[in-house]
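Quick one: this structure, given as structure tokens, is what I'll be asking you about.
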Amino acid sequence: MFHVKHSHYDVVVVGGGHAGTEAAHASARMGVRTALVTLRRDGIGVMSCNPAIGGLGKGHLVREIDALDGVMGRVADLAGIQFRLLNRRKGPAVQGPRAQADRSIYRKEMLRATEAQSNLDIIEGEVVDFLMESPTRVRGIILDDQSEIRAECVVLTSGTFLNGVIHIGNKSSSGGRMGDRPSIKLAERLKSFELPLGRLKTGTPPRLDGRTINWDILDSQPGDEDPTLFSFLSTNTSAPQIACGITHTNEKTHEIIRDNLELSAMYGGHIEGVGPRYCPSIEDKIVRFADKTSHQIFLEPEGVNDHTVYPNGISTSLPEDVQVDYVRSIVGLENAEVLQPGYAIEYDYVDPRALRSTLELRDVEGLYLAGQINGTTGYEEAAAQGLVAGLNAASHRLKQQEIVFGRSNSYIGVMIDDLITNGVTEPYRMFTSRAEFRLSLRADNADQRLTPIGYDLGCISEVRRSEFDRKMDAITRTKSALTSVLLTPKQLLEAGIQVNQDGNKRNGLDVLAFPKVEFDDILPLFPELADTETSIREQVTRDSLYANYIARQEKEVASLKRDEQYRIPRDFSYEIDGLSMELRQKLERSRPESLAQAARIDGMTPAALALMLGSLKKLSRGESKAS
């Protein structure tokens, strides 16, 4: 254990989960001395729930984290034992990379990467309090042994540990997750800041012994033959690849669950927190979708050398004996042994409207929050917030400009804006449908959107910079060659490409945007591109496919950026004549940072925005005269 009675760092990150590790790495990459404080060193990078990374919307976040040199994507590629590109039959904008991960490899590789990161120390201990310079300025942390660590900024990533309570049937026990104690004293300290707090819940299914599953009678789901990896630096899979199994609940399963609903912690009245809408418990599915006779279950091995299987789709808070009964009513699981019961966990969260776009608390300077404490669910959402908080905490220490991600340049920006503008009434999960500019926010172009920003911030390694420059040079050369020649309809027809014989000349990029035209189809017309590597061909094809749509979208993006330029001072008064009391209250609670953010508050009207704009312009003119 790294331990000193008194020490000083630039940034301290509390918690070694997905938000904490990403925050610590981001801060350290910025060149500031960073400490990652966690209960146990070997708990860094633990996958508390499902053994998977990515998915629809989530995969976009992982790619964006990687584009800024974050660690989640690289570690997921090392630990991935099955890779699948979701929505493969749809357009690239909504396709989502996903990987089944080996829990053990993921944890070991995340710990290895964290130990190897320069400017970063790992400290074991429980944080019980903050060091305060004033009632509204954090200056470090206090551990349970009363040792102190001073810091310019603190990033809190407590996950489900704040006043965490585990529920199995009518039995409840304190815990941050199964086998770990909760954080009680720190939760009490947060209450003293008079922050808007609430309770949320999440759940996990029983873990099964794969040796007791009848795999032979189940459908098999293999991974993709040509895996789509997360990191722009990865080239191949590292771990052995496996298949998952598929089974379904049935009427007997549903009958067992219905007969025991009152024994469920959720339906028995033991849980007050709201659970995730898009990851409901099996009890919730049976009640909400009463007309369905079966629900799909994915049997996901937790590792290549681990017999544990994660049955994705049957999370529960029913008593353990009922769990065994309903599991064994399912085809292929008739003799399955339950290694660990499923459970629900309830925990404190902070209303994210109390945060700024940097994820620093509005009313407590130097304290940043990231992950489930902000009302989100999912490893990827947590890691993306950790990245934002870590970068901004380091920038605060370096006295650099705040780092704000916009809705027009990243899913990270969409998520942060959603959280701090509208708050949450249930655990927030990322989907591609949340992004209005999703045609340009594709998983495949995350590096083109964000890696240059990483250059400017100083959080990108030379290896990544060199690889990105090489890739962009190749893309630029290829596009230049394709646009250098105008082709007649006759030339295209002679090359086997069907187009309207309208006399209009088109360049190679225009032709690539046609349906069913592949890069190989235009090579007879551009023989100098025959040696273009596959990844560059695919990227240029995707870029050409969306070029016209994105050009039309630019007007909307320009309008959004114009409104984002109207910054709202922290002490701005909403006592504006003509502004309704309801909107005043919502604006006071959310305290938007720009006119664009104010426009997205529920109930906002064009007339109210015009009143605010007039007041902001008047304020700006007054400041100009004063100076």
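Cβ coordinates come from backbone N, Cα and C, glycine included.
Checked Swiss-Prot, it gives:
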- GLY15, GLY16, GLY17, HIS18, ALA19, GLY20, VAL127, SER183, GLN372: FAD binding site (BINDING)
- 275-289: NAD(+) binding site (BINDING)
For a quick check of understanding: given the listed FAD-binding residues GLY15, GLY16, GLY17, HIS18, ALA19, GLY20, VAL127, SER183, GLN372, what is the maximum Cα-Cα distance in angstrom, as an integer?
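Those residues reach a largest Cα separation of 18 Å.
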So what sits near GLU283 (NAD(+) binding site) in its own chain, CB-to-CB under 8 Å and at least six residues off in sequence?
ILE257, LEU261, SER264, MET266, TYR267, THR316, SER317, LEU318
Going by C-alpha distance, which of the binding-site residues GLY15, GLY17, GLN372 is nearest to VAL287 (NAD(+) binding site)?
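In terms of Cα distance, VAL287 (NAD(+) binding site) lies closest to GLN372.
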Determine, from DSSP, whether LYS285 (NAD(+) binding site) sits in helix, strand or coil.
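Where LYS285 (NAD(+) binding site) sits, the three-state DSSP reduction gives helix.
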State the three-class DSSP label for CYS279 (NAD(+) binding site), counting H, G and I as helix, E and B as strand, and everything else as coil.
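DSSP call for CYS279 (NAD(+) binding site): coil, neither helix nor strand.
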Give the distance between the Cα atoms of PHE289 (NAD(+) binding site) and GLN372 (FAD binding site), rounded to the nearest whole Å.
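So the alpha carbons of PHE289 (NAD(+) binding site) and GLN372 (FAD binding site) sit roughly 27 Å from each other.
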To the nearest Å, how far is the Cα of CYS279 (NAD(+) binding site) from the Cα of GLY15 (FAD binding site)?
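With distance taken Cα to Cα, GLY15 (FAD binding site) is 24 Å from CYS279 (NAD(+) binding site).
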When DSSP is mapped onto helix/strand/coil, what comes out for ALA19 (FAD binding site)?
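Looking at the DSSP assignment, ALA19 (FAD binding site) belongs to a helix.
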Name the residues of the same chain, 6+ apart in sequence, whose Cβ is under 8 Å from the Cβ of GLN372 (FAD binding site)?
ALA19, SER158, GLY159, THR160, LEU200, THR202, TYR347, TYR349, ALA382, PRO427
Between GLY15 (FAD binding site) and GLY275 (NAD(+) binding site), what C-alpha distance do you get in Å?
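Cα-Cα distance, GLY15 (FAD binding site) to GLY275 (NAD(+) binding site): 22 Å.
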